[in-house]
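A short write-up of the structure that comes next.
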Amino acid sequence: MDATTPLLTVANSHPARNPKHTAWRAAVYDLQYILKASPLNFLLVFVPLGLIWGHFQLSHTLTFLFNFLAIIPLAAILANATEELADKAGNTIGGLLNATFGNAVELIVSIIALKKGQVRIVQASMLGSLLSNLLLVLGLCFIFGGYNRVQQTFNQTAAQTMSSLLAIACASLLIPAAFRATLPHGKEDHFIDGKILELSRGTSIVILIVYVLFLYFQLGSHHALFEQQEEETDEVMSTISRNPHHSLSVKSSLVILLGTTVIISFCADFLVGTIDNVVESTGLSKTFIGLIVIPIVGNAAEHVTSVLVAMKDKMDLALGVAIGSSLQVALFVTPFMVLVGWMIDVPMTLNFSTFETATLFIAVFLSNYLILDGESNWLEGVMSLAMYILIAMAFFYYPDEKTLDSIGNSL
């Protein structure tokens, strides 16, 4: 043996690591990262409770409550996994992933509700998502972002462009409702309902085409207009995350994405399945549950993110989340659900009531007015929040369809 030859080689001095142990360690680390990624994850304790109560058909009210609370953190985990996957997929594919899975919870809940024949819940939840984003989220952003500042400024042109597109989208959604409101009620209601169904399906196809063109505008032809907002998103989200230096692998993101989607589907099934019992036991109308309660499930994570971003004085990003979510609902989720109803032979229409139409018009008008000057303060947030509370109170006392039909028959 040569004198310079080491007694132990480097390979022998460090035993090879077991790949299985390394994989398990990485999986545990990813799980810890996901569990700490959102301040809402403490609600995960309700996931097993909701599944157990739903599987064994225990108290309907508790089943609804537990699954309602369970879906909130699951939606946050789903959004986190989608964002991680989008970051590694590039701008175009990543944007499409965010556009598709950004409203996954609303889609899952709505599809299950449609399959169970809960058309009224689906219609109300679509409208409720728009109202909560335009009034509740916007108001909270203005309040928490401006409580210690004289005023906050944001890109007036970008905000107005998004708001104008939202106004057009909401106007197109209201055309079938206006069509129905101008026609007399009587023996020909069945014939008129058929025409409204056909109009809703045609309108939905047009809106979805506009949505595809909007995605091309945002991700393709005018991508430069949104680059600054994307950079701000990465910067702010890295500061919000409790471990900004860690990121999920593509495999981990896919596993979490698929696993969370499956769990949300079970929770949503139990949630929707108990709505009728909750209506009977609490006296709440289906419209109120769909309009006020259900939208919180899918939007709570985005609401928290918007407020945290606004508190860091990133109002362009906060408005982008609030108005962008509204655009997703108006241009994609709502017309898509009409087509899903068409495929499964459920008459899902865009026929909102006159009162619902009025509230949506008020929400769009007020949100456009508040961002008109490119400045905001906490008092404007109070105005927006107060309007949302007034609308919620009105729908709390607004009778459901059965009550209205019985009143109409008695007259």
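Each Cβ is built from the backbone N, Cα and C atoms, and glycine gets one as well.
Marked as N-acetylmethionine by Swiss-Prot on the basis of a large-scale study or a structure entry: MET1.
The phosphoserine annotation in Swiss-Prot covers SER13.
Residues annotated as topological domain 'Cytoplasmic' in Swiss-Prot, with experimental evidence given as evidence: 1-30 (among others).
Averaged over the topological domain 'Vacuolar' (54-59), the predicted model has a pLDDT of 88. Feature annotation from Swiss-Prot assigns topological domain 'Vacuolar' to 54-59 (among others).
Taken from Swiss-Prot, the feature topological domain 'Cytoplasmic' applies to 83-91 (among others), supported by experimental evidence.
Sequence-distant contacts of the topological domain 'Vacuolar' (115-126) (same chain, six or more residues past either end, CB-CB distance under 8 Å): 106, 109, 272-273, 275, 286-291, 294-295, 329, 333-334, 337, 341, 344, 346-352, 356, 400-401. Here Swiss-Prot flags 115-126 (among others) as topological domain 'Vacuolar', drawing on experimental evidence.
When Cβ-Cβ distances below 8 Å are used as the criterion, the topological domain 'Cytoplasmic' (147-160) is approached by residues 225, 229, 310, 313, 315-316, 319-320, 323, 368, 371-378 of the same chain, each at least six residues removed from its ends. Look at Swiss-Prot and you will find 147-160 (among others) tagged as topological domain 'Cytoplasmic', backed by experimental evidence.
When DSSP labels each residue, the topological domain 'Vacuolar' (184-203) comes out as 15 helix, 0 strand, 5 coil, counted as helix, strand and coil in that order. What Swiss-Prot records for 184-203 (among others) is topological domain 'Vacuolar'.
Feature annotation from Swiss-Prot assigns topological domain 'Cytoplasmic' to 227-252 (among others); the stated evidence is experimental evidence.
What Swiss-Prot lists as topological domain 'Vacuolar' is 276-287 (among others).
If you look up Swiss-Prot, you'll see 311-319 (among others) marked as topological domain 'Cytoplasmic'.
Beyond the ends of the topological domain 'Vacuolar' (343-348), by six or more residues, the same chain brings 114-115, 117, 119, 122-123, 193, 197, 200, 337 to within a C-beta distance below 8 angstroms of the stretch. The topological domain 'Vacuolar' annotation in Swiss-Prot covers 343-348 (among others), and the record cites experimental evidence as its basis.
The topological domain 'Cytoplasmic' annotation in Swiss-Prot covers 372-380 (among others), and the record cites experimental evidence as its basis. Same-chain neighbours of the topological domain 'Cytoplasmic' (372-380): 141-143, 145-147, 149-156, 159-160, 315, counting only residues six or more beyond its ends whose CB sits under 8 Å from a CB of the stretch.
Positions annotated as topological domain 'Vacuolar' by Swiss-Prot, on the basis of experimental evidence: 399-411 (among others).
Packing against the transmembrane segment (31-53) from elsewhere in the chain are residues 59, 62-63, 66-67, 69-70, 72-74, 76-77, 80-81, 241-243, 246, 248, 256, 263, 266-267, 270-271, 300-301, 304: each is 6 or more residues past its ends and has a CB under 8 Å from a CB in it. The transmembrane segment annotation in Swiss-Prot covers 31-53 (among others).
According to Swiss-Prot, the feature transmembrane segment maps to 60-82 (among others), an assignment based on sequence analysis.
Distant neighbours of the topological domain 'Vacuolar' (184-203): 172-173, 175-176, 335, 338-339, 342, 347-351; these residues of the same chain sit at least 6 beyond its ends, with a Cβ under 8 Å from one of its Cβ atoms. Per DSSP, the topological domain 'Cytoplasmic' (372-380) is made up of 3 helix, 2 strand, 4 coil.
Remote same-chain partners of the topological domain 'Vacuolar' (276-287), defined as residues 6 or more beyond its termini with a Cβ less than 8 Å from a stretch Cβ, comprise 60-61, 64, 118, 120-121, 124, 356, 395-396, 398-401, 403. Each residue of the topological domain 'Cytoplasmic' (147-160) gets a DSSP state, and the totals for helix, strand and coil are 5 helix, 2 strand, 7 coil.
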